[in-house]
Ligand SMILES: [Cu+2]
């Protein structure tokens, strides 16, 4: 693998390309943080203007599943970081193994999430005419659950994309000589994966903890 | 810039190197992607214009000429959505931005060429979705999609349109990321920040808005779609939800988006004014930083769209004062352009006519914005034709003029052909005249109280409405003209030299049209952006050394 | 390797802290712990300080504009004194006690 970049591409060296790609990913993540930022504005406002109903909603979420899922995501992100380190030291095999473990944990997260959702559907916690929580705070609780389902859905979509990206990484590793640009890809996907984890670190307290007692 | 222009002329051009359709559709060359975008947004511009034409036809008679009330609502919605998201927002950044950023930086391509191509496909998909929704029934919400109208009451096709706009957002973000990262990372040796042409500063500022405001639109539309599909959502007042929250989220994007729709135009005008006055831009650093500060302050003012919506007085006062702040950097730009023109020997070629039109119309649009930023006068003027006239002065008088100016200015570089100068001037003059005739009466109409978004109006407003419609028909002719002579010039126009306007800037140092790799050698920059002294000296030496014929 | 393990255990500890804080009803404490967790991920997993300096600029810009969105976006709701369909009008900032 030589250090010269593609002569038709915009870069002089591979190092330059790598640095630029990483910076670009960070910029994209800054953009993503504003995507979730709009959601958090909604929760910030309703959690205060509709505090009682909102808290009633928080009390109905399943803290056990949420907590276990948080542990899973933290672990998954940590293991993927191991993959990034392994790729940096050109241990391709170790990198792929770690990445696949991280993706598997991501799938476990999604499965648990799906189970949680189906439980909530059965308990009539999806907003609508047969909503389970009644009384004066029913409106606020419905607002909470609208937020809950949309936020967890959006997060789950990011998880699915992330899992797909990791799968792509692992497939590319099978090619004869993935080379330096592969290491960069591993790193980029790692940034994304950790970002998804990071979003959950905020979603978890907002959906399960704040206002519970 | 020490390279003599001739030494950088390579042989093959990007246009003809590989002529197959496949090579165009799979290209990662920023110049070809710019052309793909150019064709695409021209189609959308025409579509949106048809909506405008029908609106103006309808309003010739007080009782309405041709459309039912409902169709009228669907028509102005179609006009708004297509023009904003499928033409104005992408317009200059995706065409000239794509084409010029690498050329102006002295680079071979944008930082992420494949992402660039992806953004075009996303844009085409989004355009098709929007058009599908609009032609299979359309919707009557206006381009702002206010809830609960868009969620509970509309009979129209909200979902495909919202999905289309949602997709176009990702296309914008991709373009924004590409431009920002390219400007940071791909500047040629010697190209410091203060040696960059002002166009790049403007595109950088625009891209900041693309990247940081567009995601908020995406999430807003997602919330809207959620509410529309399940009929229970986050903005529903029956549940204690706050419909104004939708407006806050929407305008957090859409006010900065107004600057997406003007900042690139300011960049184009800075280039044109400097070139046709043959002078460096007066107060270069002020103009550069005013772009950045317009983008930054633009995020802080959105509440002025909601003064009468029932927001708190406290918030309204804060947003009103912040809105006044934006006028400062805008005024800096106008005065610096005038300062550049002062004492210059101005050539009145078509691009310069457009640029001068821009300065005048933008000033009118900007000053009338102050009436709307003031709480007291906004209560009287909001939701009237005054607002319509105000933002058309900025977006059409400003941005579309700048777009056409840029198209004339860089046409020789893009295609390698000159357009017919005489026709260019005629079209520019017609656009200016037609535009003012269309929209100036609307200021008066609005001041006298004619509300916007109605299919009919009291008889006392007819004269001004007929004038406005007459102006629109002139404008229509004036927009068709360039389409005709640009197409003609592709086949019959004179061959363009590398630097037909005697302009500075790296894009003029390569051939017209440029080769695929942009420059035969990576250029090296040794002086500031508008260094006409060096350019003239080089030209003189070249002329002396040339053998006499 | 060791560093990652350290970050991982700190995250788990903080998570446990969050749960404890929830049982005691210390909402602000939960938020503070969540911010700490985010910081650990950004520094420990995403390695922002080893990234090109541009990355830091972008991250700071994103954070700044996130702040603008949350602060200016909630300004109206937290200062509105009329126009409520149900419940009491709210005229205080979230961090002030009623
Ligand atoms: Cu505005």
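Cβ coordinates are placed from backbone N, Cα and C, and glycine is handled just like the others.
Automatic prediction, not curation, is the source of TrEMBL annotations.
Here TrEMBL flags B:10-526 as domain 'Cytochrome oxidase subunit I profile'.
If you look up TrEMBL, you'll see B:35-60 (among others) marked as transmembrane segment.
Feature annotation from TrEMBL assigns transmembrane segment to B:80-105 (among others).
Residues or ranges marked as transmembrane segment by TrEMBL: B:117-138 (among others). Residues 26-28, 33, 36-37, 40, 44, 47, 74-75, 77-78, 81-82, 85-86, 90, 94, 155-161, 163-168, 170-172, 174-175, 178 of the same chain sit 6 or more residues outside the transmembrane segment (B:117-138) yet have a Cβ under 8 Å from a Cβ within it.
Sequence annotations record features per position, and here TrEMBL assigns transmembrane segment to B:158-181 (among others).
When Cβ-Cβ distances below 8 Å are used as the criterion, the transmembrane segment (B:201-230) is approached by residues 92-93, 97, 101, 145, 147, 150-151, 158-159, 162-163, 165-166, 169-170, 172-173, 175-177, 179-180, 183, 236, 246, 249-250, 252-254, 256-257, 259-260, 263-264, 266-268, 270, 287-289, 291-292, 294-296, 298-299 of the same chain, each at least six residues removed from its ends. Among the features that TrEMBL reports, transmembrane segment is placed at B:201-230 (among others).
What TrEMBL lists as transmembrane segment is B:250-274 (among others). Within its own chain, the transmembrane segment (B:250-274) is flanked in space by residues 84, 88-89, 91-93, 96-97, 144-146, 172, 197-203, 205-206, 209-210, 213-214, 216-217, 220, 280-281, 287, 291, 294-295, 298-299, 301-306, 333, 337, 340-341, 351-352, 354-355, 358-359, 362, 391, 394-395, 398-399, 401-403, 405-406, 409, 503-505, 530, which lie at least six positions past its ends and keep a Cβ under 8 Å from the stretch.
Taken from TrEMBL, the feature transmembrane segment applies to B:286-307 (among others).
What TrEMBL records for B:313-332 (among others) is transmembrane segment.
Listed as Cβ neighbours of the transmembrane segment (B:353-373) (distance under 8 Å, sequence separation of 6 or more from its ends, same chain) are residues 262, 265, 268-269, 272-273, 276, 301, 304, 320, 323-324, 327, 330-331, 334, 337-338, 381-382, 386-387, 389-394, 397-398, 401-402, 404-405, 408, 425, 428-429, 431-432, 435-436, 443. Sequence annotations record features per position, and here TrEMBL assigns transmembrane segment to B:353-373 (among others).
Taken from TrEMBL, the feature transmembrane segment covers B:385-411 (among others).
Sequence annotations record features per position, and here TrEMBL assigns transmembrane segment to B:423-444 (among others). Beyond the ends of the transmembrane segment (B:423-444), by six or more residues, the same chain brings 56, 348-350, 353-354, 357, 361, 368, 385-386, 388-390, 392-393, 396-397, 401, 404-405, 408, 464-465, 467-479, 481-482, 485 to within a C-beta distance below 8 angstroms of the stretch.
According to TrEMBL, the transmembrane segment annotation covers B:464-486 (among others).
Spatially, the transmembrane segment (B:385-411) is not adjacent to the transmembrane segment (B:35-60); fewer than three Cβ-Cβ distances between them are under 8 Å for residues at least 6 apart in sequence.
Between the transmembrane segment (B:35-60) and the stretches B:80-105, B:158-181, B:464-486, it is B:80-105 that has the most C-beta pairs under 8 angstroms. Tertiary neighbourhood of the transmembrane segment (B:80-105): same-chain residues 30-31, 33-35, 37-38, 41, 44-45, 47-48, 51-52, 116, 119-120, 123, 126-127, 130-131, 134, 142-143, 161, 164-165, 168, 171-172, 175-176, 179, 182-183, 186-188, 191, 196-197, 199-200, 203, 206-207, 210, 257, 260-261, 264-265, 267-268, 395, 399-400, 402-403, 406, 410, 413-414, 505-507, 510, 514, 518, selected by CB-CB distance under 8 Å and a gap of 6+ residues from either end. The predicted model assigns the domain 'Cytochrome oxidase subunit I profile' (B:10-526) a mean pLDDT of 93.
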